[in-house]
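S.K.: One structure coming up, written as structure tokens, with questions to follow.
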Amino acid sequence: MQKRIALSFPEEVLEHVFSFIQLDKDRNSVSLVCKSWYEIERWCRRKVFIGNCYAVSPATVIRRFPKVRSVELKGKPHFADFNLVPDGWGGYVYPWIEAMSSSYTWLEEIRLKRMVVTDDCLELIAKSFKNFKVLVLSSCEGFSTDGLAAIAATCRNLKELDLRESDVDDVSGHWLSHFPDTYTSLVSLNISCLASEVSFSALERLVTRCPNLKSLKLNRAVPLEKLATLLQRAPQLEELGTGGYTAEVRPDVYSGLSVALSGCKELRCLSGFWDAVPAYLPAVYSVCSRLTTLNLSYATVQSYDLVKLLCQCPKLQRLWVLDYIEDAGLEVLASTCKDLRELRVFPSEPFVMEPNVALTEQGLVSVSMGCPKLESVLYFCRQMTNAALITIARNRPNMTRFRLCIIEPKAPDYLTLEPLDIGFGAIVEHCKDLRRLSLSGLLTDKVFEYIGTYAKKMEMLSVAFAGDSDLGMHHVLSGCDSLRKLEIRDCPFGDKALLANASKLETMRSLWMSSCSVSFGACKLLGQKMPKLNVEVIDERGAPDSRPESCPVERVFIYRTVAGPRFDMPGFVWNMDQDSTMRFSRQIITTNGL
């Protein structure tokens with residue numbers, strides 16, 4: 001019956017219907033209905049997302065989806081953001097660009113995260129894709145402003161250039177001048193990560209001649225005195241990153257900035273504010289009533305000035321801020337911003353032992369009580385209680401992402417000195433739609449039992465300095481049906497939990513473990529047992545076979561793949577496929593023979 005229904009629609013109709021299906025997992029499900037749907041979906045797929053660049057080869061993707069216009073790739077594991085992945089590990093995008101340059105000549109969008117991108121890559125992109133429109137490089141490295149100059153000079157239809165949090169070699173600040181004088185298509189520009197000055201005259205000319213520019217995020221080197229000039233050239237902006245927000249207090253600078261901002265009637269998102277001078281903050285008040293996003297994570301502004309600013313932002317939906325906001329500021333946020341969906345509070349002094357601000361669990365409790373739409377939290381603090389976590393869970397059962405980072409590892413409930421198991425247990429029990437969870441504080445295996453029992457929709461879990469034994473990890477792997485990414489550091493989890501749940505790993509995207517109790521022997525056995533997994537031992541102490549098999553490895557990264565072992569492994573990475581484990585065995589036999 002299903003086959004007859006599938007065949008009753010012309011291909012053109014099905015292609016049109018499929019175009020409304022946006023989620024990759026839904027597109028994948030559609031392609032499994034029957035052979036004809038598989039072929040139609042294959043030829044009409046325009047966007048591809050690959051969460052691990054080593055999970056599949058470029059050739060396989062190109063063969064599977066010949067008409068792709070947009071590619072999104074991720075490289076290094078998430079823990080690379082915390083310097084836990086050694087330099088030179090991999091994540092090189094050049095093989096992908098090289099393969100796509102000859103097969104996807106009409107490619108329009110490339111979005112990369114945590115990948116190594118060289119100037120050669122950027123030059124090849126500029127040369128190969130004639131209708132190229134979007135380049136997003138998020139937390140990438142390896143390229144310079146010379147590569148950006150090639151993009152600017154050649155990609156005449158470029159709409160978006162986003163370098164968010166990338167490490168760029170600033171060879172020259174004049175790369176913006178490579179955009180041709182006839183170029184007018186820019187919609188979004190993010191250069192906030194650049195350390196050096198850019199040519200302001202080139203930037204001003206670019207902004208002036210792009211009437212559709214909606215998002216402009218400047219770097220710290222753009223002085224506050226010149227911001228008003230750019231705003232006057234682009235009053236249509238919807239998103240602004242201010243760059244440096246410091247200057248000698250002068251009435252003419254303040255009034256010029258205030259007038260320019262008041263002319264930006266469409267502005268909805270503000271960020272930047274490096275080294276913000278409080279005296280200039282009231283200049284933004286005229287746009288605050290419309291703001292939905294405010295990123296103050298670089299603004300070292302004290303609570304008093306933050307409170308005055310937040311009182312002007314009743315429509316705020318997303319706030320990123322340093323812990324200078326303190327509990328008092330979060331109470332004002334809770335009473336003012338009833339539409340708040342996302343809150344991130346970052347530490348101003350993460351390596352200072354004594355607290356430098358009055359930020360506690362009470363601030364988060366206040367927001368959970370006052371903001372009924374809150375669904376995403378990242379909260380750095382120095383103390384927490386089970387009672388507070390239980391209250392937050394009951395107040396906000398709609399939470400989908402909850403990441404709590406208590407700065408001191410293994411910190412207990414500071415009032416009772418008990419583990420925080422019950423508190424996090426309440427989070428996973430009450431928040432039925434929880435997708436992402438990060439744990440911290442003193443935690444036993446009990447919390448992982450709660451997670452395995454209740455967190456049925458959780459897709460990503462981050463764990464550090466937690467648990468008692470393999471049982472904790474076993475609870476998670478055996479109980480969390482939707483788990484896709486698990487990252488663990490400094491926990492006593494080892495061989496038993498890993499090997500007992502080997503089949504679960506084939507349903508996940510990846511597992512990262514560092515400074516745990518996983519042995520080299522278990523990694524070898526897992527690699528032999530599960531050929532669809534790449535089991536990569538990362539050990540900078542030397543070849544793991546030079547030590548007893550019972551010796552724990554420094555790091556292991558396990559991920560599902562249809563491409564087999566990768567070919568760009570550095571000298572400190574070993575793949576535990578069957579061939580490599582046989583080579584290790586022969587080496588051990590030879591060594592013992594000597």
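Using N, Cα and C of the backbone, Cβ positions are placed for all residues, glycine too.
Quick paste from Swiss-Prot:
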type	residues	note
BINDING	Lys74, Lys113, Arg114, Arg344, Arg401, Phe402, Arg403, Arg436, Arg484, Lys485, Arg509	1D-myo-inositol hexakisphosphate binding site
BINDING	Arg403, Ser438, Leu439	(indol-3-yl)acetate binding site
DOMAIN	3-50	domain 'F-box'
REGION	347-352	region 'Interaction with auxin-responsive proteins'
REGION	405-409	region 'Interaction with auxin-responsive proteins'
SITE	Ser139	site 'Interaction with auxin-responsive proteins'
SITE	Glu165	site 'Interaction with auxin-responsive proteins'
SITE	Phe380	site 'Interaction with auxin-responsive proteins'
SITE	Arg489	site 'Interaction with auxin-responsive proteins'
S.K.: Count the other Cβ atoms sitting within 10 Å of the Cβ of Ser438 ((indol-3-yl)acetate binding site), across every protein chain shown.
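M.R.: I get 18 for this one.
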S.K.: Over the domain 'F-box' (3-50), work out the mean pLDDT and round it to an integer.
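M.R.: Residues in the domain 'F-box' (3-50) carry a mean pLDDT of 66 in this prediction.
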S.K.: Tell me the Cβ neighbour count for Lys74 (1D-myo-inositol hexakisphosphate binding site), meaning other Cβ atoms within 10 Å of its Cβ, over all protein chains shown.
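M.R.: Taking every protein chain into account, the count is 21.
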S.K.: Given the recorded positions Ser139, Glu165, Phe380, Ser438, Leu439, Arg489, tell me which ones have a C-alpha lying within 10 Å of the C-alpha of Arg401 (1D-myo-inositol hexakisphosphate binding site).
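M.R.: Correct set: Ser438.
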S.K.: In the region 'Interaction with auxin-responsive proteins' (405-409), how many residues does DSSP put in helix, strand and coil?
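M.R.: Residue counts in helix, strand and coil order: 0 helix, 2 strand, 3 coil.
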S.K.: CB neighbours of Arg509 (1D-myo-inositol hexakisphosphate binding site) within 10 A?
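M.R.: Total other Cβ atoms inside 10 Å, all chains included: 17.
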S.K.: Ranked by the number of other Cβ atoms within 10 Å of their own Cβ, which of the recorded positions Arg114, Arg403, Arg484, Arg489 ranks first?
M.R.: Arg114
S.K.: What is the number of other Cβ atoms found within 10 Å of the Cβ of Ser139 (site 'Interaction with auxin-responsive proteins')?
M.R.: 20
S.K.: Do you know the DSSP helix, strand and coil residue counts for the region 'Interaction with auxin-responsive proteins' (347-352)?
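M.R.: Going by DSSP assignments, the region 'Interaction with auxin-responsive proteins' (347-352) contains 0 helix, 0 strand, 6 coil.
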